[in-house]
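K.L.:
Can you read through this structure? Questions will come right after.
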Amino acid sequence: MKVHTGEKDFGCGVCGKSFTRKTGLDMHARTHTGQKPFSCDVCGKAFGDSTILKVHRRIHLGQKPYVCNVCGKKFRQSPHLITHTRLHTGLRPYACGVCGHGFNENAALKTHMRLHTGQKPFQCVVCGQRFCHKATLSAHKRIHTGEKPFECDVCGQKFSRRATLNSHLMIHTGQKPFACELCGRRFTEKQNLNRHMSVHTG
């Protein structure tokens, strides 16, 4: 019986990455070859890892075995629950090395870094404008399509962006969360507060 020492004896011939087990190397090798031998018997989607297929099947079965003990929200994968619990604890272990801003997941930090690097990988195929975030591109596309999926429950007015709808709702609620520190006047939108500040600065 082989004793596992923790040493990474199995190296990838393509990129050099090492693994402690041959099964780990075999699984990794499929990222280079594109081989996906594990198929979903419901929708036919293929995967290079049987574990990922197992997680995928939960979509069809409606299984969400990982439950938040604070709010009860359920998740299909353990890492998603871990990320979610940080919303309750306030833990932000991923910090930006440039500005120090913290994030609850590594993916959010990587997206944030584009603000510093100027990287804009998402391009509109209609007008060529580029964006840092995929969600911003999706919202931008609605300018061309005229789509307005966000509707006010009070008056029925529709908007292309959820943030615009949220600002609009304050008209009905009377909420004005943005206050001038100099005179106390309040506004429904931050951009209106910024315009107002010119009164004080001249």
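Each residue, glycine too, has its Cβ placed from N, Cα and C.
Just so you know, TrEMBL annotations never went through curation; they're auto-generated.
Found this in TrEMBL, in case it helps:
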- 10-37: domain 'C2H2-type' (DOMAIN)
- 38-65: domain 'C2H2-type' (DOMAIN)
- 66-93: domain 'C2H2-type' (DOMAIN)
- 94-121: domain 'C2H2-type' (DOMAIN)
- 122-149: domain 'C2H2-type' (DOMAIN)
- 150-177: domain 'C2H2-type' (DOMAIN)
- 178-202: domain 'C2H2-type' (DOMAIN)
K.L.:
Same chain only, please: residues at least 6 beyond the ends of the domain 'C2H2-type' (10-37) with a C-beta under 8 Å from a C-beta of the stretch. Say none if there are none.
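P.N.:
Counting only partners 6 or more residues beyond its ends, the domain 'C2H2-type' (10-37) has Cβ contacts under 8 Å with 4, 46-49.
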K.L.:
Should anything in the same chain at least six residues away from the domain 'C2H2-type' (122-149) have a Cβ under 8 Å from its Cβ atoms, list it; otherwise answer none.
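P.N.:
Answer is 111, 114-115, 158-161.
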K.L.:
I need to check the long-range neighbours of the domain 'C2H2-type' (150-177): which residues 6 or more away from its ends have a CB within less than 8 Å of a CB in the stretch?
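P.N.:
Hits for the domain 'C2H2-type' (150-177): 139, 142-143, 186-189.
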